Each structure stands twice: as C-alpha cells, then as structure tokens.
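K.L.:
Pulled these features from Swiss-Prot for this protein:
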- LYS166: active site, proton acceptor (ACT_SITE)
- HIS285: active site, proton acceptor (ACT_SITE)
- ASN114, THR164, LYS168, ARG286, HIS318, SER370: substrate binding site (BINDING)
- LYS192, ASP194, GLU195: Mg(2+) binding site (BINDING)
- LYS5: N6,N6,N6-trimethyllysine (MOD_RES)
- LYS192: N6-carboxylysine (MOD_RES)
- LYS325: site 'Transition state stabilizer' (SITE)
Amino acid sequence: SVGFKAGVKDYRLTYYTPDYETLATDILAAFRVTPQPGVPPEEAGAAVAAESSTGTWTTVWTDGLTSLDRYKGRCYHIEPVAGEENQYIAYVAYPLDLFEEGSVTNMFTSIVGNVFGFKALRALRLEDLRIPPAYSKTFQGPPHGIQVERDKLNKYGRPLLGCTIKPKLGLSAKNYGRAVYECLRGGLDFTKDDENVNSQPFMRWRDRFLFCTEAIYKAQAETGEIKGHYLNATAGTSEEMIKRAVCARELGVPIVMHDYLTGGFTANTSLAHYCRDNGLLLHIHRAMHAVIDRQRNHGIHFRVLAKALRMSGGDHIHSGTVVGKLEGERDVTLGFVDLLRDDFIEKDRSRGIYFTQDWVSMPGVLPVASGGIHVWHMPALTEIFGDDSVLQFG
C-alpha cells in the first residue's frame, strides 16, 4: 500500500459540529439533502456547509492566514426526513461576516452559488433561511409596505382587486388602454401588465404607459377613487428599467411592476430604492419561480425566494392561490404569506417554517393571489388570505 493518502479530505472533520450553539447573528439555513449512495449524511451536510462558506476540496497553505473558526459555515444538526428514504434536513449556520450588507445577490451567491452541483449529493434543496435582524437591518426592504400603501390608495378593510389585461400579447397601445379604462371604471382597484409585456414591436412601452395613464386618470375622475395599473418596467438593462420607472413617476401614476427573478435581485433592489425615493409602489411578479422551486428534492423553496424579495424590496408579490390545490399546500402557502406580512413568525414545521423569523420593523409585502382564479373563488380566497392581500383575476 502507498505510504500517504491523497489530499482529498473529509469535510466532517471540520464542518460537522453537532455541539455548536447558534448565534443570534448567524444566518441559518435548512437544506434537504439527498446524498449519493454510500455517502454518509454527516459528510453530505458538512460538504454543503464547507462549499457554501470557506471550504475547498483540499488543504491550502493560505488556510493558515485566516481564522477558520470565525468564518466557516457549520452543519450543526441533521435529521432524517420522515417518510422519505435517504433524505435528510441539514441545518447550517453561517457567520454574519461572510455576507455583504444589503446584498441579496451576495447572500444567494454564497449560500446556493456552488453547492448544488456537488458530486457527493444526488439532490439538494434550500428549504428555509433564518435572516437575523443584524442582517435584515442592512436592507431597505419594501419601498412602502402594506400600511403606507393603504394610506396612499385610501382603501381599507378589504383585499384589493385587480385583473390582468388579456390578450396579453398583440393589442395595440390604444386598445390596451381602452381595456384598462373599462376594468378600472367597472370597480377594480388595479389592472396589470402581463409579465411578458415589456416593449415589443406591436406595443412599445412608452405608448402603453401614455394610454394606460389616460385610462387611469379618466377612471379616477369618474369614480372618485384612486386607481392604478402595474406598468411593467422590466427591461433588458437595469438602466432602461429605471428609465421606464422615471417615466411612470413623471406621468404621476401610483405603481410600477418588475419580474424579479428574470430581472435579477440586483436590478430589483435598485428599482425598489428608486420607488421609495420617488413615491412609487412596486408590484413584483415571480416569473421563472417554478424553474427554481417546483422539484420537491432539488432547488430552492419559494418561501426563501419570498423572504429574499421582502429584503430586496417589493410591495406586492405573487404567491400562489391555494384554491383547488392540495390541502397540504394550503398550510405551506399560508406559512410564507405570513412570512411576507407579519413582523414575527414562529417556527412551525407543519407549515414548512423551519426557523422563527423576526423582521423587527421591516415593512410587510401584500401577497397576490393570481393565476386561474375567478369570481366563484372569492369566498375561499377571502377566507384564506384575509384582508391584506391582492386578488388578481385573469
């Protein structure tokens, strides 16, 4: 036998620390880990902690120039998933210093940047994150939040009503504005650009903005209520996106919209800052979420994407409908709806909430029930979501 061992080391030795007491400032993550056959769960959990913090596959001399104990992620608890073979929940604690302040982008690059392609894992899913106040306080959060939005709109004690203009692609700007007027005049609070309406050849963004603004002012004058249309500012560059938001502000409309996953968190945070500085509400659509959150055992659960959006900033976010879905889905959906709206959310595994989350004073986000709902769903929707929600039809 050879007298030395090749330098690939066991992660367990350094990164699996079952005795670790988590700090109030740590960012905590719950991963659903499916190890490859033959890989012990402790090694898989430790590998996740290592690869998403200070680890690399071997020992390098520069390790001696820093304090691993201060900067390493630690897998501090592992439990098997009930009813699933070879699946475990690995809990990982990250020291706060690993993250740039006020950057959701950096948080995700660190926590989910590399580990998902890891050989020792068959699959990996980020189920939940605990964001400590020490970190969340470095974010502005939603431009306005639920209470300020109600004050701006002068609408209280009920869900807000909206609808998406259809056909979503192909209408001219003038006919589009006409549909907006009819909906708002008929009693809706909001109408919405579809998520893929940006600035296509058949309807350029500025034409749409102008005709929709005309519709809003006409409907407001006739009803005596404040009306809005989610003008989609999503664009190919963040400069162009801000340009569209500036135009919306100059037109005096109340709200713009962004596709935050396709547009990206950096662009979204910039837009949220602009919206707060200029009194615009920000409606967030989650196009592309199912690419990331649909698989049970791999990807990122939507509750994490929802928490990230509350930090990055948005006043509304699409969050599923529950109606007509499975019962279990209902509790989980209501779990992340609470994470969006409330200040303090208790750990509750039955609702998929792995950690107690304290948002301190960060404004809340209105959940938007959207997608395949119609008027007969109203009683169920109001019962499920309560007053602080947007019911988005069409």
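Positions of Cβ are set from backbone N, Cα and C atoms, glycine also.
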K.L.:
Looking at the binding-site residues LYS192, ARG286, which one has the fewest other Cβ atoms within 10 Å of its own Cβ?
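P.N.:
Counting other Cβ atoms within 10 Å of each of the binding-site residues LYS192, ARG286 gives the minimum at ARG286.
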K.L.:
C-alpha of ARG286 (substrate binding site) to C-alpha of ASP194 (Mg(2+) binding site): distance in Å?
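P.N.:
That separation, Cα to Cα, works out to 11 Å.
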K.L.:
Which Cβ among the active-site residues (LYS166, HIS285) has the fewest C-beta neighbours inside 10 Å?
P.N.:
LYS166
K.L.:
Please give me the binding-site residues out of THR164, ASP194, GLU195 that lie within 10 Å of HIS285 (active site, proton acceptor), comparing Cα atoms only.
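P.N.:
Those close enough are ASP194, GLU195.
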K.L.:
Do me a favour and check the Cα-Cα span between THR164 (substrate binding site) and LYS192 (Mg(2+) binding site); whole Å is fine.
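P.N.:
That comes out at 5 Å between the alpha carbons.
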K.L.:
What is the separation, in Å, between the Cα atoms of ASP194 (Mg(2+) binding site) and ASN114 (substrate binding site)?
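P.N.:
Per the Cα atoms, ASP194 (Mg(2+) binding site) and ASN114 (substrate binding site) stand 33 Å apart.
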K.L.:
Can you tell me the CA-to-CA distance separating SER370 (substrate binding site) and GLU195 (Mg(2+) binding site), as a whole number of Å?
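P.N.:
With distance taken Cα to Cα, GLU195 (Mg(2+) binding site) is 12 Å from SER370 (substrate binding site).
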K.L.:
What same-chain residues, at least 6 away in sequence, bring their CB to under 8 Å of the CB of LYS168 (substrate binding site)?
P.N.:
ASP194, ASN196, VAL197
K.L.:
What whole-number Å value do you get for the CA-CA distance of HIS318 (substrate binding site) and LYS192 (Mg(2+) binding site)?
P.N.:
12
K.L.:
Measuring CB to CB from GLU195 (Mg(2+) binding site), give everything in the same chain under 8 Å that is also at least six residues away in sequence.
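P.N.:
Residues satisfying the criterion: ASN232, THR234, ASP259, HIS285, ALA287.
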K.L.:
Please name the residue among the binding-site residues ASN114, THR164 whose C-beta has the most neighbouring C-beta atoms within 10 angstroms.
P.N.:
THR164
K.L.:
Cα-Cα separation of LYS192 (Mg(2+) binding site) and LYS166 (active site, proton acceptor), in Å?
P.N.:
10
K.L.:
Across the record's substrate-binding residues ASN114, THR164, LYS168, ARG286, HIS318, SER370, the largest CA-CA distance in angstrom?
P.N.:
37
